[in-house]
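Novice: Below is one structure. I have some questions about it.
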Amino acid sequence: MKIPVMEVFGPTIQGEGMVMGQKTMFVRTAGCDYSCSWCDSKFTWDGTGKSVMMAAGEIARQLEELGKGAFSHVTISGGNPALHKGIAELVALCQEKGWRTAVETQGSIWQDWLSEIDEVTVSPKPPSSGMILDYSKLDAMLGRLSSAQASLKVVVFDEADFFFAEQLHLRYPSFPFFLQVGNDDTQTTEDEKLVQHLLGRYQWLIDRHLASAPLNDAKVLPQLHTLLWGNKRGV
Ligand SMILES: C[S@@+](CC[C@H](N)C(=O)[O-])C[C@H]1O[C@@H](n2cnc3c(N)ncnc32)[C@H](O)[C@@H]1O
Ligand SMILES: Nc1nc2[nH]cc(C(=O)O)c2c(=O)[nH]1
Ligand code: SF4
Ligand SMILES: [Mg+2]
């Protein structure tokens, strides 16, 4: 079963969440069941990007060509990769080749292949996104994943988002929990200004976190790739 692929890139470093700093390749699939107001990857679902239908074998070959043997980890992101059943074959192929796998998803759709992923980042969307979380779907997904394998990551832009994060962590206390700085200017090419602005937002999120008892065990992280390369695609 072919997979709609938006881009294959790397090696780069995982700039977010539970394995930040890990050298990894990226496979970015097309399509999303959400439409977050601040999505930094709108081109995967708003019609401005072009996807290609690829078989798992073709994707693996492209990863090998780009990675030139200097990688051992593949991250599948999107859009929502959990829209695509065909990713099962890609995951199996990565396992055969000895590559660890990670996925980025918002937690709205289950696929059996998620059980096979080494690091699943589930990123439920806070109020500022404009999306409404279906807790029953998230309960079901986290019920099928182990807390050694999965983590929760919440992007925070404001107080309401922070409160949402606190409630989420209280509901699922066994899963490692990450707060992530929201990028509110995903269009700008003025990297210096963006970095200064995002570091300010990081400072705000840290200060907010330090005062929050429910989030004592959470970790607060920026998007490292945005600090390094701004809003550039494919890094
Ligand atoms: C583009 S999404 C793709 C995967 C999946 N749809 C999801 O949202 O989890 C990858 C990650 O980027 C985060 N993200 C998207 N836009 C962002 C922004 N403007 N600032 C910070 N993080 C953002 C998402 O919350 C998610 O954790
Ligand atoms: N370097 C890097 N790290 C990332 N972590 C999550 C990403 C994503 O867009 O899903 C991403 C990305 O696009 N680039
Ligand atoms: S769920 Fe992820 S890819 Fe989909 S719109 Fe939201 S941030 Fe973008
Ligand atoms: Mg991204």
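Keep in mind that glycine also has a Cβ here, set from the backbone N, Cα and C atoms.
TrEMBL lists Ile13, Gln14, Gly15, Arg28, Ser77 with the feature substrate binding site. Taken from TrEMBL, the feature domain 'Radical SAM core' applies to 19-215. Feature annotation from TrEMBL assigns [4Fe-4S] cluster binding site to Cys32, Cys36, Cys39. Among the features that TrEMBL reports, S-adenosyl-L-methionine binding site is placed at Trp38, Cys39, Asp40, Gly79, Ser123, Pro124, Lys125. The feature Mg(2+) binding site is assigned by TrEMBL to Ser41.
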Novice: Within the set Gln14, Trp38, Asp40, which binding-site residues show a CB-to-ligand 2 distance under 6 A?
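Specialist: Going through Gln14, Trp38, Asp40 in sequence order, those close to ligand 2 turn out to be Gln14.
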Novice: Can you list which of the binding-site residues Cys32, Asp40, Pro124 have their Cβ under 6 Å from some atom of ligand 4?
Specialist: Asp40
Novice: Rounded to the nearest Å, what's the C-alpha distance separating Gly79 (S-adenosyl-L-methionine binding site) and Arg28 (substrate binding site)? Just drop the number here, would you?
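Specialist: Computed Cα spacing between Gly79 (S-adenosyl-L-methionine binding site) and Arg28 (substrate binding site) is 7 Å.
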Novice: Cα of Cys32 ([4Fe-4S] cluster binding site) to Cα of the residue listed as 'Mg(2+) binding site': how many Å, rounded?
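Specialist: A Cα-Cα distance of 10 Å.
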Novice: Sorted by position, what residues of the same chain at least six away from Ser123 (S-adenosyl-L-methionine binding site) have a C-beta under 8 A from it?
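Specialist: Sequence-distant Cβ neighbours: Glu104, Thr105, Gln106, Gly107, Leu152, Lys153, Val154, Val155, Gln180.
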Novice: Those binding-site residues, Ile13, Gln14, Gly15, Arg28, Ser123: which ones have a Cβ sitting under 6 Å from ligand 3?
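Specialist: Near the molecule: none at all.
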Novice: For Trp38 (S-adenosyl-L-methionine binding site), what residues in its own chain, 6 or more apart in sequence, show a Cβ-Cβ distance under 8 Å?
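Specialist: Listed in sequence order, they are Ser128, Ser129, Val155, Phe157, Gly182, Asn183, Asp184, Thr186.
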Novice: Which of Gly15, Gly79, Pro124 (the binding-site residues) has the most other Cβ atoms within 10 Å?
Specialist: Gly79
Novice: For the S-adenosyl-L-methionine binding residues given in the record (Trp38, Cys39, Asp40, Gly79, Ser123, Pro124, Lys125), what is the largest pairwise C-alpha separation in angstrom?
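Specialist: Of all Cα pairs among the recorded S-adenosyl-L-methionine binders, the widest measures 15 Å.
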Novice: Within 10 Å of Lys125 (S-adenosyl-L-methionine binding site) (Cα-Cα), which of the binding-site residues Gln14, Gly15, Arg28, Cys36, Ser41, Ser77?
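Specialist: Cα within 10 Å of Lys125 (S-adenosyl-L-methionine binding site): Cys36.
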Novice: In whole Å, how far does the CA atom of Ser41 (Mg(2+) binding site) lie from that of Arg28 (substrate binding site)?
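Specialist: The Cα atom of Ser41 (Mg(2+) binding site) is 10 Å away from the Cα atom of Arg28 (substrate binding site).
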Novice: Near ligand 1, meaning Cβ under 6 Å from any of its atoms: which of the binding-site residues Ile13, Gln14, Arg28, Pro124, Lys125 fit that description?
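Specialist: Listed by sequence, the hits amount to none.
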Novice: Quick one: Cα separation, Cys36 ([4Fe-4S] cluster binding site) versus Ile13 (substrate binding site), in Å?
Specialist: 24
Novice: Rounded to a whole number, how many Å is the Cα of Ile13 (substrate binding site) away from the Cα of Cys39 ([4Fe-4S] cluster binding site)?
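Specialist: Given the Cα positions, Ile13 (substrate binding site) is 20 Å from Cys39 ([4Fe-4S] cluster binding site).
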